[in-house]
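Peer 1: I have a structure I would like to understand better, so I am pasting it below and will then ask my questions one at a time.
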Amino acid sequence: MFYNSSKILFTTIMIIGTLITVTSNSWLGAWMGLEINLLSFIPLLSDNNNLMSTEASLKYFLTQALASTVLLFSSILLMLANNLNNEINESFTSMIIMSALLLKSGAAPFHFWFPNMMEGLTWMNALMLMTWQKIAPLMLISYLNIKNLLLISVILSVIIGAIGGLNQTSLRKLMAFSSINHLGWMLSSLMISESIWLIYFIFYSFLSFVLTFMFNIFKLFHLNQLFSWFVNSKILKFSLFMNFLSLGGLPPFLGFLPKWLVIQQLTMCNQYFLLTLMMMSTLITLFFYLRICYSAFMLNYFENNWIMEMNMNSNNTNLYLIMTFFSIFGLFLISLFFFML
């Protein structure tokens with residue numbers, strides 16, 4: 001993917017756009033960075049010559065353009081409010097800005113475009129959408145102090161992200177609803193501390209990369225492919241099982257560490273109701289991860305094995321297994337490191 005010169009150019013511009021947004025000291029500058037990011041990400045989405053990727057890029061453009069328009073309008077209103085002695089309600093304007101940023105990040109209740117769009121993307125584009133494209137909106141959300149709307153979005157995101165993945169047969173939609181659920185956890189960490197949000201985002205990005213990397217190299221897009229996937233290779237199926245559990249946040253895997261930090265901070269802030277909802281939603285996500293892995297282990301369609309033939313000694317497979325090792329034993333290694341300090 002990244003060996004194409006045009007893709008390198010657009011990826012670089014996309015990164016620059018995000019950095020402009022993050023380092024900007026005005027809403028107008030942040031809007032400009034978001035637009036640069038948007039206009040460079042669309043060519044990356046629509047590069048493949050198939051109908052679904054073109055449709056996905058159009059959906060992304062329309063939703064992001066709507067959010068950008070609302071953000072620009074609200075930014076102008078804020079500038080007018082500062083010049084007109086606060087005759088315009090600043091809290092209402094900030095709420096509109098928050099809604100636009102939640103739409104950009106794909107958080108509930110503005111999530112409806114996200115799973116459908118994910119279905120038309122390649123795995124590497126889906127990974128960028130789930131990780132890098134969330135940095136700028138979440139950083140801008142951290143500048144706003146509107147707890148009530150953020151709390152509603154957190155509750156809806158964790159519930160919809162958990163329940164929405166229950167009846168999915170597409171792995172891309174499954175990862176999309178998982179991303180919405182994790183986004184709820186990230187938004188809740190934004191209410192507490194920016195450093196905890198960054199830690200959560202880094203760990204989530206790594207775990208998402210491990211899974212999408214595997215799905216990409218083995219060309220897996222639907223659940224029924226997992227049933228016929230390497231019947232004779234129990235190691236790869238076991239690694240898939242462990243990575244799903246780590247992404248779900250089950251101890252003692254690496255994915256539990258960021259959730260542990262969020263749980264600890266929410267407990268200190270006496271947010272017991274929110275914490276209970278978030279933990280219940282995590283149990284639901286772990287349930288459908290376990291159901292997928294149980295089916296992949298127990299249901300084998302031997303007549304379809306020829307579809308998934310690949311070189312088991314490839315460098316990609318070895319890299320995936322190395323990353324899986326850190327996904328499984330990362331929490332132990334980090335604990336050992338701090339213990340030795």
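Each residue, glycine too, has its Cβ placed from N, Cα and C.
So Swiss-Prot has the following annotated:
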type     : residues : note
TRANSMEM : 8-28     : transmembrane segment
TRANSMEM : 61-81    : transmembrane segment
TRANSMEM : 95-115   : transmembrane segment
TRANSMEM : 121-141  : transmembrane segment
TRANSMEM : 146-166  : transmembrane segment
TRANSMEM : 174-194  : transmembrane segment
TRANSMEM : 195-215  : transmembrane segment
TRANSMEM : 238-258  : transmembrane segment
TRANSMEM : 273-293  : transmembrane segment
TRANSMEM : 321-341  : transmembrane segment
Peer 1: Counting only CB pairs under 8 A, let me know which of 8-28, 121-141, 146-166, 174-194, 321-341 has the most with the transmembrane segment (238-258).
Peer 2: 321-341
Peer 1: Same chain only, please: residues at least 6 beyond the ends of the transmembrane segment (61-81) with a C-beta under 8 Å from a C-beta of the stretch. Say none if there are none.
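Peer 2: That would be 27-28, 31, 34-35, 38, 42, 87-90, 93-94, 96-97, 99-101, 103-104, 113, 117.
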Peer 1: What else in the chain is close to the transmembrane segment (146-166), if you only count residues 6 or more beyond its ends and a Cβ gap under 8 Å?
Peer 2: 91, 94-95, 98-99, 102, 107-109, 111, 115, 173-174, 177-185, 187-188, 190-191, 274, 277-278, 280-282, 284-285, 287-288
Peer 1: Between the transmembrane segment (8-28) and the transmembrane segment (121-141), are there three or more C-beta pairs closer than 8 Å, counting only pairs 6 or more apart along the chain?
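Peer 2: In this chain the transmembrane segment (8-28) contacts the transmembrane segment (121-141) - 3 or more Cβ pairs sit under 8 Å.
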